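Enquirer: Below is one structure. I have some questions about it.
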């Protein structure tokens, strides 16, 4: 296995040296970009050179080719890219070979980092804001370190179909070329495929309820595979977006989210809300699961417009489903509506499984029996040593790398040394369900603040032995005066 991995690295070194030679030679004939667009576009590109060998000896990789700018005068320049990257694929990697990002982190094992003489074992960390940096988590520690950029050809993340090129997460177009402007049609089909896309547009015109049910009402289902999604509302009513597992992504649960970017269904959703309360939801897609748009009425409905593109083969299934069936009874629970939809589509979600099944699905690698702290002494000790002691409801769970991230709703804070929001993420540095938390259940949690080595990311962290108990009135009562025992705690 290690021979295969080192051969993999050696081939990458050759690829990078080749790329460096091309880059160095090209600097003699191309203009610096620091001058912006002030130079005339009188230069002409040469023909593209040959593609280099694939950067990877097994699995997915990249190859690069270069062209040169021919100029009459020194101030001439050429428009467009000087280098072009294309995806390539070699033979299948052995089953025991380390994933590419894991291998890059492992190369730094037990080597000291700045500010520390101790060596650590490193594994990939996917919670950092820059996906194409080599962010590695120190095993058994509560920090990660960034070792510069990942090598070209590294996947952007476990849930991403993008590839890191020159520190940017890019997607390949229909010809396998990596570019920031993918030349696909609006529904993800390649150019030249006639009638490959279907444009769907409609207006939701349900009236403001005069009496009865005043909760969230369903607007539409946006099916998996949709692209160029846009939902617009020009009123004081509040749009909400829910994923296929019944968890709200934007707004929902009677809380209004901040405008910004949100991850959902394998794409990035832009939520815009201006001072006149006009709202827009936009996403490039394509989505990898169904999304559901709801509305919370505050006034009369002037009409909610939604539109998206869908590949023709997916549209044939979509149009056969009676769209009126997605308008649920006013007293029906949203989660049951989603489960009915999933059942109709032959899907299953973790939220609809039994707890024992969820436990089996989410475990990865070797997991030993969880150690659960019990008793009054542990309650007092952990309360006094923790940064947060909260009553929270678990809204969802996701495995990211070798960690588990829980989406929680904070009901009450018994202790918080630092500000805490109504909705938070709480992290556990394992995938063994230690501690074991069940969706939609409420718990008492004692957690600590986690700051990364570069002080660029703050998180709330639970350890495998953190004090976590199901919430109950009795447990709530026991925590009311625990702080009086902390006066002598250092």
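The backbone N, Cα and C atoms fix where each Cβ goes, and this holds for glycine too.
Pulled the feature table from TrEMBL, pasting it below:
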| type | residues | note |
| --- | --- | --- |
| SIGNAL | 1-23 | signal peptide |
| DISULFID | 54-88 | disulfide bond |
| DISULFID | 58-93 | disulfide bond |
| DISULFID | 69-78 | disulfide bond |
| DOMAIN | 367-486 | domain 'NTR' |
Enquirer: Look at each of the disulfide-bonded residues, 54, 88, and point out the one with the fewest other Cβ atoms around it within 10 Å.
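Expert: Looking at the disulfide-bonded residues 54, 88, the Cβ with the fewest others within 10 Å is that of 88.
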Enquirer: Counting distance between Cα atoms, which of the disulfide-bonded residues 58, 88, 93 is nearest residue 69 (disulfide bond)?
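Expert: The answer is 88.
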Enquirer: Would you mind checking how many other C-beta atoms are within 10 angstroms of the C-beta on residue 69 (disulfide bond)?
Expert: 18
Enquirer: Pop the Cα-Cα gap between residue 88 (disulfide bond) and residue 58 (disulfide bond) into the table, whole Å please.
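Expert: Taking the Cα atoms only, residue 58 (disulfide bond) lies 10 Å from residue 88 (disulfide bond).
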Enquirer: So if I draw a 10 Å sphere around the Cβ of residue 78 (disulfide bond), how many other Cβ atoms end up inside it?
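Expert: A count of 21.
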Enquirer: Measuring Cα to Cα, tell me the gap between residue 78 (disulfide bond) and residue 54 (disulfide bond) in whole angstrom.
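Expert: With the alpha carbons as reference points, the distance is 27 Å.
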Enquirer: Grab the pLDDT values for the domain 'NTR' (367-486) and give me their mean, rounded.
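Expert: Summing pLDDT over the domain 'NTR' (367-486) and dividing by its length gives 84.
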Enquirer: Using a 10 Å cut-off, grab the number of neighbouring Cβ atoms around the Cβ of residue 93 (disulfide bond), all chains included.
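Expert: Taking every protein chain into account, the count is 19.
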Enquirer: In Å, rounded, how far does the Cα of residue 54 (disulfide bond) sit from the Cα of residue 93 (disulfide bond)?
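Expert: That separation, Cα to Cα, works out to 14 Å.
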Enquirer: If you draw a 10 Å sphere around the Cβ of residue 58 (disulfide bond), how many other Cβ atoms fall inside it, taking every protein chain shown into account?
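Expert: Its Cβ has 19 other Cβ atoms within 10 Å.
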Enquirer: If you run through the domain 'NTR' (367-486) with DSSP, how many residues end up as helix, strand and coil?
Expert: 22 helix, 51 strand, 47 coil
